[in-house]
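Features reported for this protein in Swiss-Prot:
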- 1-15: compositional bias 'Low complexity' (COMPBIAS)
- 1-236: region 'Disordered' (REGION)
- 24-34: compositional bias 'Basic and acidic residues' (COMPBIAS)
- 49-60: compositional bias 'Basic residues' (COMPBIAS)
- 98-108: compositional bias 'Basic residues' (COMPBIAS)
- 113-127: compositional bias 'Acidic residues' (COMPBIAS)
- 128-137: compositional bias 'Basic and acidic residues' (COMPBIAS)
- 138-153: compositional bias 'Acidic residues' (COMPBIAS)
- 159-176: compositional bias 'Basic residues' (COMPBIAS)
- 177-188: compositional bias 'Basic and acidic residues' (COMPBIAS)
- 189-199: compositional bias 'Acidic residues' (COMPBIAS)
- 210-229: compositional bias 'Basic and acidic residues' (COMPBIAS)
- R358: site 'Interaction with DNA' (SITE)
- R406: site 'Interaction with DNA' (SITE)
- W454: site 'Interaction with DNA' (SITE)
- 474-803: domain 'Topo IB-type catalytic' (DOMAIN)
- K485: site 'Interaction with DNA' (SITE)
- 530-535: region 'Interaction with DNA' (REGION)
- T543: site 'Interaction with DNA' (SITE)
- K581: site 'Interaction with DNA' (SITE)
- N623: site 'Interaction with DNA' (SITE)
- H681: site 'Interaction with DNA' (SITE)
- K699: site 'Interaction with DNA' (SITE)
- Y761: active site, O-(3'-phospho-DNA)-tyrosine intermediate (ACT_SITE)
Amino acid sequence: MSVVSNHHSNGNGNSTVYDTNGNDEIKKEVKDEPMASDSEVPFGELMKRDKKEKKQKKRKAESGSDEDDYKPEKRKSSAKNGKKKDVGSDSEDDYKPEKKKSKKNNKKKAQESSEDDDEESEGDVSEEDVKPQIHSDDELEEEDEAPTTDDEEEQKRKEKERRKKEKREKKERKEKKRLEKENRKIKEEDDEDSDDEDDEKAKKKKRKSKGAEKSKPSTSKKDAGGKKEPPKKKVKKEEDIEDIWEWWKEEKKPAGVKWNSLQHCGPLFAPPYIPLPSHVHFKYGGEKMKLTLETEEIAQFYAGVLDHEYSTKEAFNKNFMKDWRKVMTVEERERIHDLKKCDFRAIDAYQKEQREIRKAMTKEEKLKIKEEKEAEVKIYGIAIIDGHRQKVANFRIEPPGVFRGRGGHPKMGLIKKRIMPEDVIINCGKDTEIPKPPPGHKWKEVRHDNTVTWLCSWTESVLGQNKYIMLNPSSKIKGEKDFEKYETARRLKKKIGGIRERYTDDFKSKEMRVRQRATALYFIDKLALRAGNEKDVDEAADTVGCCSLRVEHIKLFDSAKLNEDDKKEKEFVVEFDFLGKDSIRYFNRVSVEKRVYKNLKIFMEGKAPSDDLFDRLDTATLNDHLRSLMDGLTVKVFRTYNASITLQEQLIKLTNPKDNVAAKILSYNRANRQVAILCNHQRAVSKGFDESMQKLEQKIKDKKKEVKEAEAALKSARGAEKEKAQKKYDRLKEQLKKLKISRTDKDENKQIALGTSKLNYIDPRITVAWCKKFEVPLEKVFTKTHREKFRWAIDMTNSSDEEYVF
């Protein structure tokens, strides 16, 4: 690169040499000759100098009045235009306002501009070549601030540390969320009821959608001022919208009045029967036989149970054949009379094929079905009660099919007939529009009864029971009923001492009726037995309660062990063994008071095993007596009271405030388990239990390995790495502890249904108060269904400063 010595003087006797390409590299400094005086300068040149000085003064004045108006000038680069500029030129075109950047850049550019403008050639000094250096206010401020560089560095350092701290905290929060998510997954594997499973599906779906949103690039825009636009509010789907009705803060309606206005769209009937395709045949005696649609539909019902044990039961087959023949034509009845000659295999194969087709549906096909169901919910799933939108619980009428029953139900195999509009009674407000029946049909009856809570009613064909369409458990009507139930149980707590004294005195009554009532009430109080209703064993399953116990259901032992593991025997032992509600076996050995034991011996004397134990007592008589002791008291209130008080006492006994959340939840589940055992809320061990436990054991094994590796890494770590290794080790130890707790919880509750007592018998305010006191998230113990149903309890408990005590 050639260097031409071009000297621009700054008027102070020094000049700097630059290369002609505009590079800033300083080559050398030379001493300037003194500037020529006015007398030596020609008059024309002097006029030009004066003119230039006036311009400079004007610039200074403008710069002083508004610092933002003036910006350091920059020499035009001749290279830009592709032509060389005369070095000595003083043309105004050689100046171009410099774009304002940072203060540092302003200072640097100002210096460069000053040096460029003050270059002077080695020859005669020309006035046009003199360009005085002008400093803007910004530049002066920069010069003043120059000594404070250390403060700026310190400020930057602090800012850097702050950002690091924020990043570290963010990372810790993320790790905490990850741990919570992992714990949630472990907990989710142990969901004990269908409500938990439904809720979990919703959670997974929500997490999946959130993950999809995170994977998308951010589309947020900023306005001119650099501020982010406010996020758009998420609009709820119409079907998700239900009025949050704080009915517990309103005045109560007159006694017996459930609603003032009620509007709904009636029930949704089962879809019509779709005939079998022409290539699928029913065979009788090895020959193909064409059936009428009514007969063919019922044949499909039986084909659906071919692989089930029901098809091997004599009672089931006998009842099915009897009901099936009722719908057959005369010709069909003459030919079909032996179920063993009926061949349903082709129909069964077709049904299995259809199931596989449904499983293999595309995403779009499944979405279409989902949208159709959502559309049905919008129409039939909402009722308007007193101006508030409330969910309807079961708006779909059950389709026809075969009655299976629980246990050895005597009516298993009978046909559940198709319900038609002509079978249905509608209940709605007088001033509201009556639901329209399907075209060509009419309702059996339309009522306007505001003393009942059902929307529709009909009688089913097998058991002759009334079926109802009701509002969702989260509705006001259901909530009021629950609130009254638990308040009655709380009132019982204040009177239970006197009631117990009363029935204890009645153990010795001279009247056998009073003795039986007192003894039965003792079992209802101590064992939380159901009352039991009289049933015709030929019409219903042989399930019993306290009042309907038979001699064959109990055994007496003067002394015996209550459990196989017990070392000592107890006196006056009674063994109960019978089928309770839903044909669930109740087996229990208890030690009773001596007077109760003697009474049972008296009640059993001279009776056959099939005779009633309490032959002078029934449920109605017992409930009448209870109402005389306390207003609103029934056998069910005793059950609710004992369930609630047991949970509260167990929570006080088991909860350790120093435990982590997982350990506290284990304590809660153990307390809940005692309630479930008391109420005999059992369930069958799930088919996938063993597989699930194996997976959990493998997780524990893998986690132990991780803990061991982390421990080794901690021992070898030094300096800053040691703190990081310690955190990792502690985190893994905590995860292992939670997995072990989950294993214990899962194993203990494999045959116990915790959800039933939580949903129907335990005062929810006990649980809410416990969560509040021990800082346990309510979602850990209450599913979405629980939280919606007990919205009133959550609000009442959390809004009160006092701790709730049952």
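All residue numbers here begin at 1 and follow the chain in the order shown.
Cβ coordinates are placed from backbone N, Cα and C, and glycine is handled just like the others.
Recorded features from Swiss-Prot, shown on the structure.
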residue : record                                                : Cβ contacts under 8 Å, 6 or more apart
R358    : site 'Interaction with DNA'                           : none
W454    : site 'Interaction with DNA'                           : N427, Y468, I469, M470
K485    : site 'Interaction with DNA'                           : K636, V637, T640
K581    : site 'Interaction with DNA'                           : R530, T543, G545
N623    : site 'Interaction with DNA'                           : A531, T634, V635
H681    : site 'Interaction with DNA'                           : I752, A753, L754, T756, S757
Y761    : active site, O-(3'-phospho-DNA)-tyrosine intermediate : R639, T640, A643, S644, V675, C679
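The two recorded residues, K699 (site 'Interaction with DNA') and R406 (site 'Interaction with DNA'), show a Cα separation of 37 Å. With helix defined as DSSP H, G or I and strand as E or B, the compositional bias 'Basic residues' (159-176) counts 18 helix, 0 strand, 0 coil. When the recorded sites R406, K699 are compared by the number of other C-beta atoms lying within 10 angstroms of their own C-beta, R406 comes out lowest. Across the domain 'Topo IB-type catalytic' (474-803), the prediction's mean pLDDT works out to 90. All protein chains shown were included, and the count of other CB atoms within 10 Å of the CB of T543 (site 'Interaction with DNA') stands at 22.
Secondary structure at T543 (site 'Interaction with DNA'), taken from DSSP and collapsed to helix, strand or coil, is coil.
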